[in-house]
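These features come from TrEMBL:
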ACT_SITE  TYR55  active site, proton donor
BINDING   HIS111  substrate binding site
DOMAIN    18-281  domain 'NADP-dependent oxidoreductase'
SITE      LYS80  site 'Lowers pKa of active site Tyr'
Amino acid sequence: MSSVPTYTLNNGVKIPAIGLGGAAGRDEKEKEKARVWFLTALQAGYRHIDVAQIYGTEEALGKAIRESGVPREEIFITTKLPPSHHTRVAESFQESLDNLGLDYVDLYLIHFPFGLAYEKGVNFPTNPDGTPKVVDSPTFVETWADVEKLLDTGKVRAIGVSNFSVKNLEILLKSAKVVPTANQVELHPYLAQSDLVEYSKSKGIVTTAYTPTGYQTVLSDPTIAELADKYGVSPAQIVLAWHVARGVVAVPKSSNKERQKQNIALPTLEPSDVARISSLDKGERVCNKPDADGKFFGITKEQLGW
Ligand SMILES: NC(=O)c1ccc[n+]([C@@H]2O[C@H](COP(=O)([O-])OP(=O)(O)OC[C@H]3O[C@@H](n4cnc5c(N)ncnc54)[C@H](OP(=O)(O)O)[C@@H]3O)[C@@H](O)[C@H]2O)c1
């Protein structure tokens, strides 16, 4: 069992390969409870935590950090720009810092490549017919230019994107002054995203896996179960070890002390086992799936490059 490795981003900033996922669902009480499991994670040795303004857990994370006594500079914190805040990047970034009660974050991501209309206090504004209020402007290229400007504030150490495909990274890279350091996407053995991982590596972009366990859909796969027996670990440890073997960052969420500990104690997989797990790929999304109309957040699969 080895400790969590650290990768170096394209600007020299170091990121621990495993971070704690910080989404707590939509229930307000669950968001408040997050303070407790952020704290147990920090006590267990996590030094990377992934939140987003739309998760509503930034405040809980700030409290847990202060309560933990772990020096701020030892912790890598990611947060994200809400899809409905693309017209107000600087303001939204400052709101996140205020929620966290911190004076800088380590990584700031555009949460989603496409924007929604801004409505104060509403994460996902909808039209009267219930469809998302998608807006054409600004484009993600324009939003990225505003995110780049945040680097001048000295309040963010690295910037990146989330939910970008090869298609949209290619568009972004044509005009970006700063190459994103990271791209956070759904990634697990049933959605191995090998083309995206390889393309990103070739451009110096680290890929971060969200929904890295693939939930029970992946954890109950017979090959994963067989490898868990072989290495004497849990199925989740096998899947997380596979991410690390591929040079991918993973942000598993667990509110359970024991599973938090498991997720940062990973075996080193033999290359043939890494390849076996990669071959389970079926291009299957288990978290962010398109609706029956083939759209996600009102955006077509073609626009998303899915
Ligand atoms: N950028 C984006 O658009 C985006 C989208 C989705 C998620 N994310 C990020 O990714 C993080 C994780 O995503 P996720 O919650 O969808 O997926 P996940 O971390 O793969 O799965 C979380 C689920 O797995 C369980 N679990 C965790 N460790 C386990 C273990 N060792 N054995 C068995 N079950 C285990 C957790 O239960 P317990 O808590 O009970 O342990 C929880 O039900 C989020 O918190 C968020 O930070 C980002």
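We number each residue from 1, going along the chain as drawn.
Backbone N, Cα and C atoms are what each Cβ position is placed from, and that goes for glycine too.
From a predicted model like this one, the values you see are computed outputs, not experimental measurements.
Here the features listed in TrEMBL are placed on the structure.
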residue	record	CB count, 10 Å
TYR55	active site, proton donor	24
LYS80	site 'Lowers pKa of active site Tyr'	27
HIS111	substrate binding site	21
Assigned element (helix, strand, coil) containing TYR55 (active site, proton donor), judged by DSSP:
helix
Integer average pLDDT (0 to 100) for the domain 'NADP-dependent oxidoreductase' (18-281):
97
